[in-house]
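Q: Sharing a structure with you now.
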Amino acid sequence: VEIHSSLLAGGFGLSFLPGILFDRYGPTWIILLGLLLTVPPYVFLWTASNNVLFYSRNIWLVAIYFLIAGTGSVFVFTTVLTTNIKNFAPKNRSKIVGLLGAVYAGSPSIISVIYYQTLQQSQASDSFGSAMMLFAMCFGCVCLFYIIFLRLDTKSIQSGSEEILISSVEDQMSSREMKTFNTFEREEDEVQASVGVSVKQLFSDKRYWLILCISGFISVVGTTFRNHLTVITKSVGLSQFDESIVIIIPISDIIACILIGVISDSMRERVPRIYILLLACVSFTVCPILAMIWGNIYWVLCIATVLSGIGTGIFWTIFPAVVSEMFHVNNLGRNWGIAMSLTSLLRWAAQETFGALYDNNTPKDSIYCESGIACVRSGLFILVISGVLSLVLSVILIIKENKIKCCNPTDQDSL
């Protein structure tokens, strides 16, 4: 079951592919491809519940279905996110991404309620098959809606680029001695703004490598902690609170997405977004520390869970905006997709490591380890290291960004 769920999320490993295709072909064709990749696997999974004997002998087929469905959902997610970021000016970018993030965070909870309260409570024994058919229908309807209505607003993209360029010009015109030099720099920036950032420029920029590592380490903590939260509660004897504690992350995630989106846009000129991204790193550093030391105390574990949700909301709201502003919005699909591909690999490695460490602490004659926080302490320590690394790298990125802006402010503002 864990392998299949991991494969469903494994589609993020191919995030670079829809990103590159989006930059070349636009949203419609990529959504159509996502539709073709997503709906058929869920239909086949629906049929699997009626052919248990066949699929019990060919379980690898089920794994392939989940992987293809996950890949299709990533195509749709990446396309919708990138299109909305491009369609709105930088001053509204975080609010839009935050709203999308809130919907993304809340939808699993809605689906869970439908499943537990409707499908599982019904007289039909095939609740899994019904859930797979529900997913197929939902994805089909949503993708068709996007194919008909989702378009890139080229006027908004152009006006957004002009807004950044005008802001850059106004900042530099305050110094009369620099006026001639800035005019020359501005002409170069306008040419670059119309093209974007090449792959060679992207990978030769140390800031992008810092961004890749920060996003990877942040996602390691958020995903691993969320996916193993009930493992932690069972280990420390708090599994009776599972029903209430598992909804803390999506609730705090939704609130953080909306609030941070509004705050980030309103303070964009005074507080750069990378400073707000630093708050996510702090949340993901404190979260596993609390769980590792005092995870057997219910209210402390709740605080750690809230921090995980807040960090997740900040990350998914701020990170796309940071990538679009640092490395140009024209190449957002590619730049964001590459980051998500690396992130998925690190998440997979972290979850496998956490599981291996947990199994190592589990008695051979038992399925679960119930000897307290010691069962998960070594796994949580890995998350602490990851959180600290994200925090350190974020500070380095802020220092580097400030140095670049001090030495040559026009270059960065025009992107």
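In case you wondered, yes, glycine gets a Cβ from its N, Cα and C as well.
Quick paste of what TrEMBL says about this protein:
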TRANSMEM  6-22  transmembrane segment
TRANSMEM  29-47  transmembrane segment
TRANSMEM  59-84  transmembrane segment
TRANSMEM  96-116  transmembrane segment
TRANSMEM  128-149  transmembrane segment
TRANSMEM  208-225  transmembrane segment
TRANSMEM  245-262  transmembrane segment
TRANSMEM  274-291  transmembrane segment
TRANSMEM  297-319  transmembrane segment
TRANSMEM  380-399  transmembrane segment
Q: Counting Cβ pairs under 8 Å to the transmembrane segment (96-116), which of 29-47, 245-262, 297-319, 380-399 comes out on top?
A: 245-262
Q: Do the transmembrane segment (297-319) and the transmembrane segment (208-225) share at least 3 Cβ pairs under 8 Å, sequence separation 6 or more?
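A: As far as Cβ distances go (cut-off 8 Å, pairs 6 or more apart), the transmembrane segment (297-319) and the transmembrane segment (208-225) touch.
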Q: At an 8 Å Cβ cut-off, counting only pairs 6 or more apart in sequence, do the transmembrane segment (128-149) and the transmembrane segment (380-399) clear the bar of 3 or more pairs?
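A: Not in contact, no.
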Q: Which sequence-distant residues neighbour the transmembrane segment (380-399)? Criterion: at least 6 residues beyond either end, Cβ under 8 Å.
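A: Tertiary neighbours of the transmembrane segment (380-399) are 207, 210-211, 213-214, 217-218, 220-221, 224-225, 232, 272, 274-275, 277-278, 281-282, 284-289, 291-292, 295, 350, 353-354, 357.
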